[in-house]
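Participant: Quick one: the structure is below, and I'll ask about it shortly.
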Amino acid sequence: MGRFSVWDYVVFAAMLLVSAAIGIYYAFAGGGQKTSKDFLMGGRSMSALPVALSLTASFMSAVTVLGTPAEIYRYGAIFCIFAITYALVVLCSAEIFLPVFYRLGITSTYEYLELRFNKYLRLCGTVLFIIQTTLYTGIVIYAPALALNQVTGFDLWGAVVATGVVCTFYCTLGGLKAVVWTDVFQVGIMVAGFSSVIIRAVVVQEGIEHIVNDSYHGGRLNFWDFNPNPLQRHTFWTIVIGGTFTWTGIYGVNQSQVQRYIACKSRFHAKMSLYINLVGLWAILVCATLCGLSLYSIYKDCDPWSAKQVSALDQLMPYLVLDIFKDFPGMPGLFVASAYSGTLSTVSSSINALAAVTVEDLVRPHFRSLSEKKLSWISMGMSLFYGGVCIAMAALASLMGALLQAALSIFGMVGGPLLGLFALGILCSFANGIGAFVGLITGFAVSLWVGIGSQIYPPLPERTLPLPLSTDGCNISISSNLTTSTANPLTTIFSTQAPERPVLADRWYSLSYLYFSTLGTLITIVVGMIISLLTGGLKQNTDRKFLLTKEDFLSNFSRSKSDTAEKVVVLSWKTSTNAAEGTDNPAFSHIEMDVASDKNKVNGLHI
């Protein structure tokens, strides 16, 4: 198909250099990173717009840039129903989880689990998060390296290491501020990459109406499928219900996202950042859908995947880009830079969140005497360490299944039970530590059972409903065989399996991957409530500041913006008087101490 020209490399290198430069700038701007709070939370002084763009950027990884258009090409535009899902997710995050987390002024979301339950649950949450995020980050680094390797023959592991190194560099130097502002820049690159493909495809196909027409006749505009069967991969219900649980686990309680909106300067800004981010999510969904439909329109008579021009569906977008931009030097570089921007933004927020969780949940509680300066150095060290871990995980990712599914399956399996645990704490005043722990373990066990089962026995085609592809118009003689060694090893291992499938495979393991999270969340909540009631949960009286109250909801209407800001100022003023008494960390060690003493008076569960 062609190779990268010098201009493509220039565009690509420029994107990496600007990202690195932003990191260097924030390492020294405003006196640098004096405390761990500056490094991990941007000094809690961020405003809504950059945070909103940052949330959007890290949601939209290279998995989105490469996976979603291929998904729409193969299964149709029913994926657009996620627009409804995103609205519900943002609503839940902003109205249920944000008010409680913001009020407590915590750095790590898992700190809440200790305040509300006990330190063992906090440890469970932390360990699960670290495992989940390193695995997911591995996939996210591997995806664009795969695309690059496919398009340009660029060395696969060279690309993996380059991504990891640039990311680790600006995370370690600039902390959360660098992460947020590089994300803002990278969102621009991603939108530019998507837009260039859409505009060029419209020109090639002589108008958007041709693209829509082809998609309609090819059955790609299948927006409405109200089949209630939970085994069907994508229907209106699986996407709206299952998708909402999966993504609330990411937006509502996942450290990488929560850390950024809690870093806003007021609760009003925090909520606004989520609602502005919703517009960004919709814009990205529209771009990805148009790219997917353009892919179909251009390749409706000659599918490169069936014709063995590409070895995986995720390589269709790079293939399309080289095809339509062969006379435009620099443009393929822009697209690959946009896929890469998606990776950088996701990985950088993961590295920053992993550092925050490690410092707040594992280092600070055990080494109370460390000064803020030392903690900020430890935070930087952790960023460096996790950067290395994520590169190592990318090697693991090369053995995983199709990108989109694997990424969401991991989030579903681990995110579901964790979401259930937080929901239990925030919504059920009678939930106690024993109930929460048993609920979490049960939810986790069931999620893993169905999740791993579905990886071993993939659902049959009648459950996933792939749409027909055609190779009638192909001129196979031009087959410059691009099939690289990036075929999917997981499927090849299991495709040689014995023909008999257990009964569970077509009933239980065929559950739509979006329901893994729903299952984990609901089982955790139900088991947690039952066990709490059996172990005297009604006798404990939980401090109201750990629960979602009616006032949290009403404050949306009664308080003006200035009042909300004022409330936060009062909080920080109080903590600064604590600082004068010589505590290590004014933000919450006092709150923690109070809670410990309250808990001991009440139910003795705080260990």
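Placement of Cβ uses the backbone N, Cα and C atoms for every residue, glycine included.
Remember, it's a predicted structure, so these values are computed and weren't measured experimentally.
TrEMBL feature annotations, pasted as is:
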- 6-28: transmembrane segment (TRANSMEM)
- 48-66: transmembrane segment (TRANSMEM)
- 72-102: transmembrane segment (TRANSMEM)
- 123-144: transmembrane segment (TRANSMEM)
- 156-176: transmembrane segment (TRANSMEM)
- 234-253: transmembrane segment (TRANSMEM)
- 274-299: transmembrane segment (TRANSMEM)
- 339-363: transmembrane segment (TRANSMEM)
- 384-404: transmembrane segment (TRANSMEM)
- 410-430: transmembrane segment (TRANSMEM)
- 437-457: transmembrane segment (TRANSMEM)
- 513-535: transmembrane segment (TRANSMEM)
Participant: Same-chain Cβ contacts of the transmembrane segment (437-457) under 8 Å, 6 or more residues past its ends?
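Facilitator: Here the qualifying positions are 117, 120-121, 124, 128, 401, 409, 412-414, 416-418, 420-421, 424, 490, 494, 497, 501-502, 504-505, 508-511, 513, 516-517, 519-529, 531.
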Participant: Select the range from 48-66, 72-102, 156-176 that forms the most Cβ-Cβ pairs under 8 Å with the transmembrane segment (234-253).
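Facilitator: Per the Cβ under 8 Å count, 72-102.
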Participant: For the transmembrane segment (6-28), what are the same-chain contacts with Cβ under 8 Å, counting residues 6+ beyond its ends?
Facilitator: 152, 162, 166, 169-175, 177-178, 181-182, 185-186, 189, 329-334, 336-337, 340-341, 344
Participant: Flag the pair the transmembrane segment (72-102) / the transmembrane segment (339-363) as in contact if three or more Cβ pairs fall under 8 Å (sequence separation 6 or more).
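Facilitator: Checked: the transmembrane segment (72-102) vs the transmembrane segment (339-363), no contact.
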Participant: Let me spell it out: take the transmembrane segment (156-176), skip the flanking residues so only those 6+ beyond its ends count, and list any with a Cβ under 8 Å from a Cβ in it.
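Facilitator: Those are 16, 19-20, 22-27, 33, 38-42, 46, 141-142, 144-146, 148-149, 182, 259-260, 263, 340, 343-344, 347-348, 351-352, 355, 379-380, 383-384, 386-388, 390-391, 394-395, 486, in sequence order.
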Participant: Any residues 6+ beyond the ends of the transmembrane segment (410-430) with a Cβ under 8 Å from its own?
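Facilitator: Result: 96-97, 100, 109, 112-113, 116-117, 121, 125, 128-129, 131-132, 135-136, 139, 245-246, 248-250, 252-254, 436, 439-440, 443-444, 447-448, 451, 513-525, 528-529, 532-533, 537-538, 540, 542, 546-548.
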Participant: May I ask for the residues of the chain that lie six or more residues beyond the transmembrane segment (123-144) and have a Cβ under 8 Å from a Cβ within it?
Facilitator: 61-63, 65-67, 108-110, 113, 159-160, 163-164, 254-256, 314, 336, 339-340, 342-343, 346-347, 350-351, 353-354, 357-358, 361-362, 386, 389-398, 400, 403, 406-407, 410-411, 414-415, 417-418, 421, 437, 440, 444
